[in-house]
Amino acid sequence: MLNYSDISWAEKGMVATINHSRLKDKGVGQHQNAYNYKNQNYEDLRAECLRKGELFEDPFFPAEPRSIGVKNLGPNSEHMQNIYWQRPKDIIHNPQFITNDFSPTDICQGILGDCWLLAAIGSLTTCPKLLYRVVPRNQSFKKNYAGIFHFQLWQFGHWLNVVVDDRLPTRNNKLVFVHASHRQDFWSALLEKAYAKLIGSYGALSGGSTLEGLEDFTGGVAQCIPLQKPPGNMLRLLKKALEKSSLMGCSIEVTDNSEVETMTHNMLVRGHAYAVTGLEDVYYRDKLETLIRIQNPWGRVEWNGAWSDKATEWEEVSPDVRVQLLHKKDDGDFWMSYEDFMSNFTLLEICNLTPDALNTWDYKSRWHSTFYEGSWRRGSTAGGCRNHPETFWSNPQFKISLPEVDDPEDDSEKNEMVCTCLVALMQKNWRHAREGPQLLTIGFVIFSVPKEFQNLRDIHLKKDFFLKYRDHGFSEIFINSREVNSHLRLPPGEYVIIPSTYEPHKDADFLLRVFTEKHSETWLLDDANRFEHLQEETVTDKDLDKDSLQLFKIMANEDGEVDMYALHKLLNRMTAKLRNFKTKGFSLEVCRRMINLLDKDGSGKLELHEFQVLWKKIKKWTEIFKECDEDRSGNLNSYEMRLAIEKAGIKMNNRVTEVVVARYSDNMIVDFDSFLNCFLRLKAMFAFFLSMDTKKTGSICLDINQWLQITMWG
């Protein structure tokens, strides 16, 4: 019996991609139906440990130096001396998983440079409903304790259930990484371990952004807004974000490390993460004043300017408003005017939540969201940015329809007919290769779809389209970041989004997410795999010149037929005489495929009429090859191969194109023999499929015997 371990890595990747797509269609990967990371089922593993009376030890993230990291966190580094892995019960007498009085100030950073993760975890504590989506309840060091815990983390479009054992790195009986200030709670330390397992090691956590952590804890889309150059609809954007229960943070950026944790004259802390939690309009001195509520999660130091707890402005508003909004406590919560907010803080960060994160909440409105997973593959779908027009068209393409305009703005004199759209492009798995490849420079371009291309789906726009039409919008900049996004306001209509790397020929996987205020439709814009039945060639005696006819008779056997070997010699002599065409000749494999294509009686040979048909086809294929060989090099590049195969009658979608290029190109170069080998293989596979799909359903059912016969023959 064939074992999965016997299958090559390339085949495993293809099988994994197909299986992943099938599971996604069944709803696996949503929060309520998360993937079991590393195929580890928490309930099953815990039950097995309880049955055996053992404590769980995770084989995929062992209590070994390699789980901590390399270089500065390697086993020989200064930081990692005298490190021991201990379970919480070995550290303190009565450990708790999580208590009800958690707050951001309970979480302390260790020796690891992951303050960004610390801030994201702290933000979760301000929103218990989100926290308990990540940290499932009913976990304990007492009832059914087996040394195993689990967490739910979002990664690149899918929720994962990540299992860890509770062995944690310690020195002198104290945790060396994230820990609780009062030492009793261990949920934050174990959550950090689950995140480290997901990306490979603790060391891979060094360096990041708070928004990256918030995205992986919520599945939301994050955006940064510099407040020195805010968008024109800044106040509306804030109101909409709060209506949609978005998580928001603000800060005063620093340019020098010496400024971190220093205070302004109004008691705001530089380099400090604040939360934006509310927005209210109050009547003050006969006009409407917009106030913003800010929370300092890390301490009790508060703003002491206008509208602070003890400010005189509160004496001039109605008593009802004062009672409703003002709470004179040093609890980190305070109000300030919108103008003071804009002039004192320099950065606003927003994490827009997906509808599934809000499904049990009270909210006024929510985003409509869709996401697509895709890839850029060298030689097929990695076309680079618009600076590379010869290959830009080959990038994945996505169409979005925006039929409904936003609701009118209450505070605006002119109500534009626009659709708000948040587009976010994220590259996958960059932390997993932290010691190797780094982040690629990525971005996207948006084109308005002209009328003649609207309502089309089974099409991949080619080079001519992008040379003719201008883009309608674009990401702020192509940047080497995990994610780039743009908050756009577009007229109703259809648009095409082209995500790409800046340079062509860069391999990567990506996630494209689109958030809209109103209903929208999005879909992948791609060719359907299709075989066009071209008109069969009619041949006459004039299609072969006298020399070629004589050569056939010399090569043929007594029955007037040529086999694969004779055809090989015959074709190589004849193609050598073709004018303005370079070729190294045909391989035996291609000759075998040609015979399979035209051999009607199953003899494995071709008689004269069949050869005449073949020769006419070959001349047509050579013309297609020359037409697509734009630089007249005698070869096609892998992008031209897709166009040539299409001209020959076969359309391929991006996934099939990626496989074909990987199989039949040599460093993105395709000679005539490889082109024909690929085309004939595709044509044979289409013929087999269509003959089996008698009801034209687009799918067939094969047993192992039929599968092996067809694939081995093809």
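If you go along the chain as it appears here, the first residue is 1 and each next one adds 1.
In case you wondered, yes, glycine gets a Cβ from its N, Cα and C as well.
Keep in mind it's a predicted model, so treat the numbers as computed, not measured.
Copied from Swiss-Prot, the annotated features are:
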type	residues	note
ACT_SITE	CYS115	active site
ACT_SITE	HIS272	active site
ACT_SITE	ASN296	active site
DOMAIN	55-354	domain 'Calpain catalytic'
DOMAIN	623-651	domain 'EF-hand 2'
REGION	528-543	region 'Linker'
REGION	544-713	region 'Domain IV'
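Predicted-model confidence for the domain 'Calpain catalytic' (55-354) is 88, expressed as mean pLDDT. If you look at the domain 'EF-hand 2' (623-651), the same-chain residues 6 or more away from its ends with a CB under 8 A from one of its CBs are 379-380, 383, 390-391, 394, 462, 527-534, 580-583, 657, 660-661, 664-665, 668-672, 675, 678-679, 682-683, 686. The secondary structure of HIS272 (active site), as reduced to three states from DSSP, is coil rather than helix or strand. Note: the CA-CA distance between HIS272 (active site) and ASN296 (active site) rounds to 9 Å. Between the listed active-site residues, namely CYS115, HIS272, ASN296, the fewest other CB atoms within 10 angstroms of a CB are found at CYS115. On a Cα basis, ASN296 (active site) lies 16 Å away from CYS115 (active site).
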